[in-house]
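For reference, TrEMBL has these:
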BINDING   His134, His244, Glu522, Tyr565  Zn(2+) binding site
DOMAIN    27-594  domain 'Neutral/alkaline non-lysosomal ceramidase N-terminal'
DOMAIN    596-764  domain 'Neutral/alkaline non-lysosomal ceramidase C-terminal'
SIGNAL    1-22  signal peptide
Amino acid sequence: MRRQLLKVVATAVLAAVSCCCAADGDWLVGVGSFDMTGPAAEVNMMGYANMDQSAAGIHFRLRARTFIVAKSVDGPRIAFVNLDAGMASQLVTIKLLERLKASLTYLSKLKPRHFIQRFGNLYTEENVAISGIHTHAGPGGYLQYLVYSITSLGFVQQSFDAIVNAIEQSIVQAHGSLKPGFILINKGEVENAGINRSPSAYLMNPPEERARYPTNVDTEMSLVKVVEGGSGVSLGAFSWFPTHGTSMSRDNKLISGDNKGAAARFFEDWVAASNRSTRATSSNKSDILELMKKAETIKATGGKRCSKTSSQSSKVRKNDGSLFVGAFCQSNVGDVTPNVLGAFCTDSGKPCDFNRSSCHGSDLLCVGRGPGFPDEILSTKIIGERQFLKAVDLFTTATERLTGEIDFRHVYLNFTDIEVELGGDNVVKTCPAALGPGFAAGTTDGPGVFGFQQGDTQINKLWKKLRDSLRKPSEFQVGCQKPKTVLLDTGEMFEPYAWAPAILPIQILRLGKLIILSVPGEFTTMAGRRLREAVKETLISNGNGEFDDDTHVVIAGLTNAYSQYVATSEEYEQQRYEAASTLYGPHTLSAYIQEFKKLAIAIAKGEKIAKPIVSPPDLSSVQLRFVSDPFIESPPNGVNFGDIQQDIKLPKVGWFKRGSKQKPTARFWSANPRFDLLTEGTYAVVERLEKRRWTPVYDDDDFSLVFKWALDNNTFTNSLATIEWDIPIDANPGVYRLRHFGSSKSAINSTNIYFTGASSAFAVF
C-alpha cells in the first residue's frame, strides 16, 4: 500500500517538500529532534501497569520532536514538544524549564568567569507544551506521583534524564534553527485507525448530542506543515489524531513508539527518500552466485574495543539539524483503541460482553485485536501506516496559510477543590483524586486484575479491608465521588509522599486561527468534543470578529502533566474504565470547560489572567528508588564482549529473499544496555558491502531491525544481544552483515568499556 501511494504522489513531491512560495515568511520557525530512548533492560514499561513487562530490547528508538514559532527574535513564541512517551510528567516539565533558564558558565583567558543566562524568559511554563503520544512501550519511572511509579519500583533516574535531556536538546536545536517561514494547515479523515473501546459508555451521552456526529470516535487528523520562507523547503509537520498507543500488547518487552512512533519514522523516511534517488535493483542468477561466493569468504569479526562515539558514527540518520521532523501527536484519546477488529474472548473467540467488556464475568479473557492479529508488530505497522498515509495526503495538498497573532495562556489549578457553576444557582465541586473498581478491571487493550469488571460500583470485603489499610476514604470523599465507589483514595494519600496530583496545568496556544488546548490527561471522545466546542464558541463570542467558524481547535492530550482520564458526567454514571479513572469526580469535565473558557476569554480579549497562588510541588528529593544498578559483567573465559554466540543461519538456498519471513539473526556476547543508552547511536546495525567498504544501511531506529537483550540461560550472569532483521521488500540486493555495539564497566575503575562485533556475511536478493 505504501509503495502504491509513493508512486501516486511522486509527481507532487517536489512541490510538497520544496514549496513554490518564495516569500520570507510570516513568522520565525524552527524544528528539532533528539533521541530519548531510555534503559532497554530491566526497567518496567509505563502504561499497562504490568509488573512483568520490563524492557528487554528495542523495536525502534524513541524521540522528542519540537517545533517553535516566534513573532520575532525576542517576540512572542510557542514551543510544542511531542514525546515518544506514555505521557508528559509534571516533574519533567519543572526540571526542563530549570535547565532552559539556567545560567551557563563560560571560561575565558581572562578572570573572573563569565556567566550568561541561556534563554532567560523566552521559554517558560506559559508557552512551552510537552505532549506524550501515549505509547505503552517506553521505560517508566519518570513521573513523580507514587501511584504512577509502583510498577516501575519507584523513580528511575536514567529514564527521567533521557527524557529531560532529549526535550532540552530538541528545543535547543529548534531554537538554533529559527528562520523566516510560515505554517500551512490542513485536515482530513483517517480511516479505520481507531474504534471506541467503551461503546456502551458513549451511548450514555444524550441521543441528540450523539446524532450530531457520524461515529463514536473522532476521525479527523489536523496537520501543520512548517516551511522555510526563503527556500520554500519543508522543515517538518506535526499532526493531531486520537488513537491509543496500544498496538503493542502488555506482553511486549521491546521499547517502541507504537503506532504513532512508527508513523513518524515512516513519514520522516518518506521525506528523506523523496530528496534522493533510491530504488531497489534486481539481480539475475549469475549475480546471485557471485554475491553468495563473496559472502561465504567473510566471517564474523570477533569482539573488539571501540570508542564511545563509534555507534554514533554508524548511525544511518545523523542528527545534524538538517533532518525533516515529522510528529504524530495525541488528542482526545480516552476511549479510542487501535485494536480495530474489536474485542473477543480468548477462550471462545466470541465477542466480549458489550457493557462490561468481560467474558463469563472475567475481565482477563476479553482482549482487543489489532488489524494484524495475532502479530502485534504488524498491527503497529498497519495503524502507523494509516496515519502516515493520511499525513502524506494532507502534507502534499496543504495550501491554507496560518497568519495573525501568536499568543498563549497558562494557569495552574487545584483540581481537588474547584467550584463549578452548572447554571443558575447550581454550584458543585470537584473532589480529591480517587480511583474506582472499574480502573482495576483494565481495558480491552490491557486487562487488569482478576475479580474486577468495568462498570463495577461495589467492592468486596477483602478489597475494602486492603483499601482501608492504605487509607479509608473520608465521608466527604465517598459522597463526592458517587456513583464511583472509592477503591484507591489516592487524593487523600500522602505517605511517603503524594500518590496523585492535585495541582494541574491547563494551557491554550494560539497560532492565528489554530488553537491548541493542552490538557493533562486523556479526554474521551465526547468529552473532547464538548471542550473544543466550548472554547471555540467562547473565542467567537468574545473576539470582536477576530475568530469565526474557520477557527480550528485541536486538543493536545497528555500534555505538561498527567492525571489519567476525563469522561463526561453521563459516561461517569456507568463507571467503565475511563470513568473509574476520572480522578476528580463526576464534574471533572465541567471544571475543565469552565476554566478553559476563562483562558479563551483572555486570549480573545488580549487580557492577562488572574493567577491563583498555587504551583505543583517538586517531589524529586523524596522519590523512592528500588531499581538497582546493573552488576558489572565479564564475558565467559576465552570470550570477548562483541564475540558471536550464534552466527547467521542461512536458508537452504544459501541466501535470504527480500520481504520473506526468513530473518537473518545473530546473537552476540554483550553487557547490560543500561551501562550506556548509546544516545543518538545504536545497539544494532545492518551493514552492506559497497566495493570494499561496509556501509550502515539500517539501525535500531528502523522498523525492520530489532535488538533484543537477555541473560544467558546457562550462566544467568552474562548478557546476550540478539539482532533480527526483517528484510524490507525494497532493500537492495547485496552482501550484508549484522553488527552490534555495546558498553560495559570496568571492574577495576568503573569506567565504561565500549565494544563492537559483526556477524558473518550473507547474501540478499
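Backbone N, Cα and C define each Cβ position, glycine as well.
Of all Cβ atoms in the protein chains displayed, 29 besides its own lie within 10 Å of the Cβ of Glu522 (Zn(2+) binding site). Taking the centroid of the Cβ atoms of His134, His244, Glu522, Tyr565 as the Zn(2+) site, the other same-chain residues with Cβ within 8 Å of it are Gln330, Val333, Gly334, Val336, Gly521, Gly557, Leu558. Cβ neighbour count for His244 (Zn(2+) binding site): 29 (other Cβ atoms within 10 Å of its Cβ, all protein chains included). Sequence-distant contacts of His134 (Zn(2+) binding site), defined by Cβ-Cβ distance under 8 angstroms and a gap of at least six in the same chain, are Gly47, Gly86, Met87, His244, Gly245, Asp258, Lys260, Gln330, Val333, Glu522, Gly557, Leu558. Taken together, the residues of the domain 'Neutral/alkaline non-lysosomal ceramidase C-terminal' (596-764) have an average pLDDT of 95.
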